[in-house]
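Enquirer: Submitted below is the structure of interest, expressed as structure tokens.
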Amino acid sequence: MKKYFLFIAVLLCSIRSSAQQVIATADSLLLNAAYDKALAVLDQRRNASDPVLIYLVDNKKAEALTRLGKLEEAEKILKNLTTENTRPLFLQGVTRTNLGLLYLNQGRNDLALEALQQALEYFEKENKAKSLEAAQAITYLGLVYNSTGKSAQAEEQLLMALSIRQNLLKPDHELIAASYNDLGLVYLGVDNDKALDYYEKALAIYEKLHGREHPKIAIASTNIGFVYRDLELYGDAVNNFETALKIWEKVYTQPHPAKAFVLFNLGETYLKMGDSKAARGYYDRALTLYRSSYGEKHPDISRVLNAIGNLETTARLFDDALQHYQQALVANVHSFNSADETANPGLQDFYHGNVLLYSLLLKAQALEARHFGKSLKFSDLTLGLNTLQRCDTLIDKLRQQSTNESDKISLGVIASEVYADGVRMAHEAAAVALRKKPYLELAFYFAEKSKSAVLLEAISESEAKSFAGIPTPLLEEEKSLKSAIALTAQKLAQKPSAEEEKYLRETSFNLNRSYAAFVKKLESEFPGYFNLKFNAASPSIEQLQQRLDRHTALLSYFIDDKNNKLYIFLITSRSYKVIDHTLPAEFDKYITGLRNALYFNVIGAYASTARKLEKLLIPGIPGSIKDLVVLPTGRLSIVPFEALLTGTVNEPKNYQTLPYLLNRYTVRYEFSAGLLLQKSKQAEAKAPSIFLCAPISFPAKDNLSELPATESEVKEIAQLFASKKIGNTLFTGQQATEHLVKSSGLKNYSLLHFATHGVVDENAPELSRIFLQSTSDAEDGHLFAGEIYNLEMDANLVTLSACETGLGKISKGEGVIGLSRALVYAGARNIIVSFWSVADESTSALMKTFYERMLAAPSAGYSNTLREAKLTLMKNETYAAPYYWAPFILIGF
């Protein structure tokens, strides 16, 4: 234990050895979860004359009381300690850490976050950022993040805490086991094997230190029960939960949250086993214990009430379910106390945002179910929609509170269910309402909110910085920080060695803390930035109609997977309609079949699936329409719409004669209507000039084929621009370096063209990359997606004449996350990317024709020019198959 007590050696140097022993004994008892005994020891020294000792004793007492669930007593002590501002910052940091633990147990994650960040600031100022006290604060911070659904931030914090503890403690120390336990929570449900590995490591240490009947064994058993339940090994899960419950009942003879927590999870397990009666019994017992421990307000109470409401909804007891959901709202919002189901809380002082989001969502779903299953009252639908709109506001608020993009995207998984329900309920309301228009527009609003919200917010944030007048040195500092963060994330995704990973985790932790502090400083010193940052409102139908000419139609798609429905929003300058279809059982097979048939040139299978998808996806379009703007969703993001067939061909023989959608319309794509409108507000780019880049050959380590045709491709394009006396800059071979592309000169060009290999990593989008030449060890020639986000572009068009650059990981609420998304953020108003690898000769032919047509008719627009280039390529029988021209799509408006 000597290493553990090093942290108080300096502080207690003036205190007698007997006093030091008291603190040491209390620490030992706290570690062993002997909280009552720790309090008894501490109370013996409470009347000491030394103020430092009293301060430390009170901190230990507050920690013990918090662990015992005596939160009011703990809060009283800690509030008193926070008034003693003359204490060394290190001691104040300890107090803020305990305050964070208290707030975490009270369900006040907002206050916990504030207290713990302040604690870490104090530790840093005292050069104690790598102390065990700092590790404790970092641990609690990780638990706050995990509790609020910010898994990436939680993992980063908890790995950092583990690293500090491993440097200071023996491998079998209690705190090492605690870190293993905490990390298991983060991986639970995401990587159950990893979670179980951490839990079993923790259990092994606890058993070595304490035997089989100890609170720490109860914690480890509970966590292992979680994993077994996720793995559907319900008998093993129940055994572990019951082991934990027996231990807690011996430790706590009075009501305690630890017992309630296990009872609730036994209920959850029996529900999964199909025994709803047993589940309800455990829920009721858990609710009684929670209320005895916490009173009427706590997010854990809300969780149980949500679960009870779900049982009643399933049993079609809608009124009872709504009563319990309303109680769940009351329990989770400090100032809300209404039992009236027509009332919804404000969003100023909730305890746990994600739990509140679920309560509101479940209430809305119960109202819809009551409407169709019992009441048929229109008021149930309208109240349900009002509740979903409150969910939407809360989602925006939760996104604003997260600094990690992957956590924001994870929130999209929950949000997608909210928006799917919103689209469906608004469409249902329109079907029975006298005034249909407001509900049809609300359906589009929800569908639009489901798309690329994080990207739109990021672009708003980027624009806010320029409009708020933030000085260039600060913007450069931010760019440097973001580049370092992207590089660290990229290296971590490459699965480094254990030693290197430890270093990278520490680096990532420090960089993200620095960036969070930097953003906080901007928001404080430049209030205009904060006001603009989150000003990314969804566009109305009227706003979009004003942007469309009479020949253009916007087709926005939304899929409600839970109900197997497809919604198509057709918007023209003069009309708006919503079309809904039930998705055929073979829908996913159609998409897979189309892509495979295109890629492998199987004309019969292609013609069949392309026609089926066209019937499903393309509604009746007014005859005046010539241009389509497609806003896809989910798996539709990988479908080249222009290759769909407008007529049935029974025995196709010749690709050149097939009735492609491309024959009727130009087709372009956009991530969302909000992004479309956002781009339209951007300033017009400078006079035409083009930057061309073609590495041609690649290092052996990259295992890439040479692209000899790209050299003639970029040279001929450069000559085309030169003949028109338009600025052009060409870099080929060894000149086409990563360093060159990262230079600030890129923003001087209106057109950027990269003729090279590209690859998208669907599992780790940050490893998606464009291949260039390297100049040093610092620049490996791989321009990763994370690095593209930090490029400075001001381009009307970026063309990636490369392979698979339009693909990416499909994320709910964000569409495809790949290179195209990174380019849009970096400042590309339009981009041409490809869905799959194509022979470089046909690609070169298509690109040269595209630029010829663009220079010949600059006002024709990129979509029309790309269509003409594709139609020209199709005239060559060798390249007539959609395999050669369909993968290249235009994203932009």
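The backbone N, Cα and C atoms fix where each Cβ goes, glycine too.
For reference, TrEMBL lists these features for the protein:
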- 1-19: signal peptide (SIGNAL)
- 93-126: repeat 'TPR' (REPEAT)
- 260-293: repeat 'TPR' (REPEAT)
- 609-892: domain 'CHAT' (DOMAIN)
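Describe the structural context of each listed feature in the structure shown, including burial, neighbouring residues and relevant distances.
Expert: For the repeat 'TPR' (93-126), the residues of the chain that approach it from at least six positions outside its boundaries are 56, 59, 62-63, 66, 69, 71, 74-75, 78, 81-82, 87, 133-134, 136-138, 140-141, 143-144, 147-148, 257, 298-300, 332, 351-353, 513, judged by C-beta separation under 8 angstroms.
Note on the repeat 'TPR' (260-293): DSSP counts are 31 helix, 0 strand, 3 coil.
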Enquirer: In the same chain, who gets a Cβ under 8 Å from the repeat 'TPR' (260-293) while lying at least 6 residues past its ends?
Expert: 69, 218, 222, 225-226, 229, 232, 234, 237-238, 241-242, 244-245, 248, 300-301, 303-305, 307-308, 311, 314-315
Enquirer: Over the span of the repeat 'TPR' (260-293), how high is the average pLDDT in this prediction?
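Expert: On average, pLDDT over the repeat 'TPR' (260-293) sits at 97.
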